[in-house]
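Annotation source TrEMBL lists compositional bias 'Basic and acidic residues' at 59-68. Look at TrEMBL and you will find 202-334, 337-464, 468-602, 606-743 tagged as domain 'FAS1'. Residues annotated as region 'Disordered' in TrEMBL: 53-95. According to TrEMBL, the signal peptide annotation covers 1-21.
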């Protein structure tokens, strides 16, 4: 489209927009109305004039093309040439359109800026905003040892009435400097819904606010103690509701954090509800401790569903502003917390529980600054513990300690439960049941929310034993591995499995035990001991392809872990095997270790790879070729720790020529080079060969350095072009797979390819392949 035509289209479009804008009630309408006259005048030139000028422009274009093609001048369009000349005389319209883009858009500053919604300035960049800056250095061990120069990291967090940016500046060899800049509406201002500015908010005297919130009785006590000035100013006040105050005044004592019931000083109670600084909910963090006016701590706890508690007392209405401070209402009275967990657990009723904690090195854990929840079993409950659980006491005790503050109010309504991770990472469940607070549907909480400086204690009537605190025999009962459990009993190993200090046990699936059940007790015991490793090994520990000694003398289990490129790409788990037996389930926790399920019983290898080759009738030709080679000498002299041998069967050799077979038998140097293409310097079980899919192909490297593609699909395992006919023959020094072909060196041959052809001529690319 020519410049004139484009300008005309734009002109008409804006003229229509200007006409329409006259009906609009907006600032845009005023602008369009002021432009309407100018646009109308410009448009008065008319469509006819525009088309005429367009025709002249076409004439010039045609003329230029004809000159280039050197067409006779008599064939030129005279009218077009004449009109073009006239146009040249009249401001050279063929060069300058009716209205240039610069002329057009100079009529107004920027029409597109008017059509856009004006950008709104965020509230923290507006008026009535107070800014706070806190700078500090984080000392400690030198971080960022590979850092060159300085590194700046900034992260910002937005909240309805607060905007906070944290900048960390790291420099090698120096402490990290952290700057926290906080923007918030100044006191008496709020960001109201639907606005982007700090606007004046209603504030009231605390006396009036307390009346509105149903918390007058606390104010009455404040007035009686002549402490009204103590709750005024730039402070945070936790106001107990009237009902909570009535209960407190009627009892004249507080059940929370008491070792002996006694009436508390009312002035101390009042001061314990006052924090000498403004703390809105946006400033509160889980496990934060605020310092009250009396010097004692107020620990904040946040829970799912938005519940926030202070010293285990839920907070109700929040962020109610007084003339100078802020008020939050609470469901109960906050009494000063004077004791830590160790002091609370030093009570006589917890003496036996305390002794167990000390015996299992858990007592010191509770004496630091970190916050814990302790479900403390009273002396009567300790006496109920089954003696058979003595081996698992450390795990059971950890189950009663949670590394966060958990208050009883967080427990949901009847029929639901809340789950928390204990000190040993097992799940502990708490629920309301028949008006009682119950742990794991067993232990009943007798006394709730005994708040400490560093956590909270709940008194319970008995121990709760987690699944991870049960012996291996109990795990087998629960998972229905009863046949294997019976075999352990028959071999006299059940008690040993339960009482071993550290254990990893491999449990075969139930339908694979027929052969073991027919064994004599002594042979059975020897076999079962090879399913036990006297160490705690989770699945992660089994990933280093190292052999592990079993409970049977010096016998070792070969563990392998294989994952091909495709499975790595999609993030699937590696296939773990023990003696080439796949693990079907892993990391079953017992009190003294772990249990892993396997596809079938473990049979220990007694022969070497050479022994297996010598005794296998289907490998006669392979055995003959191996004899006298350097590979055979190496296998005899220094058996490798782990190799995989791909052994072609006698049938496989029928597919090669007699000449090639004869050379393999007689030329030992050639035979040695071919045989090394059949050796992988690692243990690779059939189950460790993954599926391949274009364009991702899994490969293994043979002893000779040759890359072999591998694949496992449709029930077949492939190495190169050949299929494994027999998998996983385990030897003391590796594993043998029989294959149906011989991995001969690839032959070079000339390949011709025509890459360019014309009549009577060809260009041929020739090369070796």
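Any Cβ shown, glycine's included, is placed from N, Cα and C.
According to DSSP, the domain 'FAS1' (202-334) comprises 39 helix, 31 strand, 63 coil.
Per DSSP, the secondary structure of the domain 'FAS1' (606-743) breaks down as 54 helix, 42 strand, 42 coil.
Helix, strand and coil counts from DSSP across the domain 'FAS1' (337-464) read 41 helix, 40 strand, 47 coil.
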